[in-house]
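In TrEMBL this protein carries:
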TRANSMEM  20-39  transmembrane segment
DOMAIN    83-227  domain 'Flavodoxin-like'
BINDING   89-94, 176-185, Asp211  FMN binding site
DOMAIN    282-524  domain 'FAD-binding FR-type'
BINDING   Arg301, Thr538, Ser599, Arg600, Lys605, Lys606, Tyr607, Val608, Thr609, Asp642  NADP(+) binding site
BINDING   Arg457, Tyr458, Tyr459, Ser460, Thr475, Ala476, Val477, Tyr481, Gly491, Val492, Ala493, Thr494, Trp680  FAD binding site
Amino acid sequence: MENSEGVKIESTVVTEEPLISALDIALFAVIITVAYFWYFKRDKQSSSSEKKPYTIQPSSLSSIEQTSNSSFIKKLKSTGRSLVVFYGSQTGTAEEFAGRIAKEGARYKMKGMVADPEECDMADLVEMKEIQKSLAIFCIATHGEGDPTDNAMDFYEWLQNGDADLEGLNYAVFGLGNKTYEHYNEIAIYIDQRLEELGATRVHEIGLGDDDANIEDDFVSWKEKLWESVCSHYGIEETGEESNIRQYKLVDCSEVLPERIFSGEISRLKSYENQRFSFDVKNPYLSKIAVNRELHKSGDRSCMHIEFDIDGSKMRYDTGDHVAVYPKNSSELVDKIGELLNADLDAVFSLLNTDEESSKKHPFPCPCTYRTALTYYLDITSNPRTHIMKELIEYASDPKDQEKLKLMASSTPEGKKEFHEWILRDNRNIVHILEDLPSVKPDLDHLCELLPRLQCRYYSISSSPKVYPKSIHITAVLVNYTTPTNRVNKGVATNLLAQLIPTNDELPQPTIPIYIRRSQFRLPPKGQTPIIMIGPGTGLAPFRGFIQERDYARKEGREIGEMVLYFGCRKKDEDFIYENELQEYVANGTLTKLHLAFSRDQPEKKYVTHLLEQNADELWNIIGEKSGHLYVCGDARSMAKDVHSIIVKVVMEKGQMTNSQALNYVKKMEQQKRYSADVWS
């Protein structure tokens, strides 16, 4: 276009031209070139579209004649199965639960398969009625502010926008949530209700698992009643056969070439050596640690300020986003497992799915060494669930160890009590179990199959891209605690980060895989809108980014709204993080007010919630009279709930409303994104 426009401008000053001018020749060449590329590009797209798996849109649910690799119905029919268990999983727990249900189906003469809705054409649900005694079960997690998991997003939107006739579909739903969050199990509840609206038959009532309490207990209790309902609905009986069939089989890979062996990559082989944009959950960026400094001034606790270098990565983030950090287990724990099981951790192996129809061929990247699997891919520090206890029974040579495992694997009141006390209360991980039950010697490949995947850890970004476009900052407390058995448990990610100290420029800098997760925790669109930020401890992290962003705007000469920060910690001289920065923002006018609560600097403990109650007029002035925004970051279990109660009380008193009106007012604030929370339990 630019060249042809330039030629046209030139032609306006030419008075005489030959019959076929240079302009004509140039234009003809351009037309031929464009036509050539347009034709072959269209042909290429047409060809590639023929190869692309057919997917059906919600608006055309009747067009289901075409099948593809995404057709779970085709797989069910070709393998004689009648049970499909879908999972919506962000951390792997829902996927684990789905696998356990599918495995147990054999006890009820229902051969099952596990399916990822992201890899399936969910419009095929309308064909489930063609399979005799068929059942679809959904293990669905809710995360964030009532959001579906990434892999269930398309299915969720399909249900919202579509109008499929699901008559003849038999289903059941189990939700995974956390009661400390406002939108508890919202996605599972919606899916359960929506399937019924579309004509499906609920075989068993929805189960709601609470991760803040004991989600394992919730799941096991629901699952037992589920099978009772299934037997009643289909007129079948339990076979009584316990199924401990392995899902994966061991493959010896000792002859595999070194360049074909995974060494900790999340998905693509050699991805850390050959980085490719864009970076996400399956393709993290190997970032250098640019800064790692201590924020606490004294005391026996540690809080780290860490800066990840993203220069040259093309990664972009917004203030309020999260950064995901991929940790690795300590070599001490990994070596301990090898020692306890007398195993060669450097042997190369692979686990191959025995179900040839499954889209998941391996439980983690294979082939790799046992050391790599235990270091990068498997969670060896969390409390194992009851199904692992059950699988370990056959490996116990001591009858006492066998009985203890059988009891903890059972659903009896005594069994649940023992599991709660010995595993959860005493905080035992798989290493502790193998230490305390010395006759239990599982095959290492089977243990690798049983253990859940090691998950990335999310941190609120404590910087603004306006000020720090080439780095991402986080604020992280080092996690170390002593268990009732006098063992020291260490946080996987924070203890790794604590070791990654940058050196001088001559030596290679420490690195760690990261990616950015988008958030809805955002500053108001208008910079003049007043805001209140409530963030005790490391809850300050995202607000540091908020303040930086508005300080940047102020220095550019733009008008900014009031910024009020409530911050609290134990002692001013011990853990008042970013003190100098905050005082400087107060001095230059960016931070309008800084309310501080040091809980242990006086006889009676003082928290930010006390300050909020004292400043009711200021609160109402900003959120009521000036329609400002309010943000909360930190502990969901107590602090965030207390703040919510105080805000409702302030709205009642200062806004002269009834309790019901005040609740509706706060609810409307949340819907308008004027009341936002970034909290954790």
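Please read every residue number as a count from 1 along the shown chain.
In case you wondered, yes, glycine gets a Cβ from its N, Cα and C as well.
Those TrEMBL annotations? Automatic predictions, nothing curated.
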| note | Here the binding-site residues are Ser89, Asn185, Thr609; the one whose Cβ sees the most other Cβ atoms within 10 Å is Asn185
| task | Taking the Cβ of Leu176 (FMN binding site) as the centre, count every other Cβ atom within 10 Å, in any protein chain shown. | result | 29
| remark: argmin Cα dist to Ser599 (NADP(+) binding site) over the binding-site residues Leu176, Lys179, Arg457, Val477 returns Val477
| request: May I ask which of the binding-site residues Gly92, Leu176, Arg301, Thr609 is closest to Thr475 (FAD binding site) if we compare their C-alpha atoms? | output: Arg301
| task | Take every residue in the domain 'Flavodoxin-like' (83-227), average their pLDDT values, and give the whole-number result. | result | 94
| message | Return the count of C-beta atoms lying within 10 angstroms of the C-beta of Tyr607 (NADP(+) binding site), excluding that atom itself. | response | 16
| note | For Glu182 (FMN binding site), the same-chain residues 6+ apart in sequence with C-beta under 8 angstroms from its C-beta are Glu145, Gly146, Glu670, Ala677
| note | Note: among binding-site residues Lys179, Lys605, least Cβ-dense neighbourhood at 10 Å is Lys605
| How many neighbouring Cβ atoms, not counting its own, are there within 10 Å of the Cβ of Arg301 (NADP(+) binding site)? | 13
| Cβ-based isolation winner (fewest other Cβ atoms within 10 Å) among the binding-site residues Gly92, Gly491 | Gly92
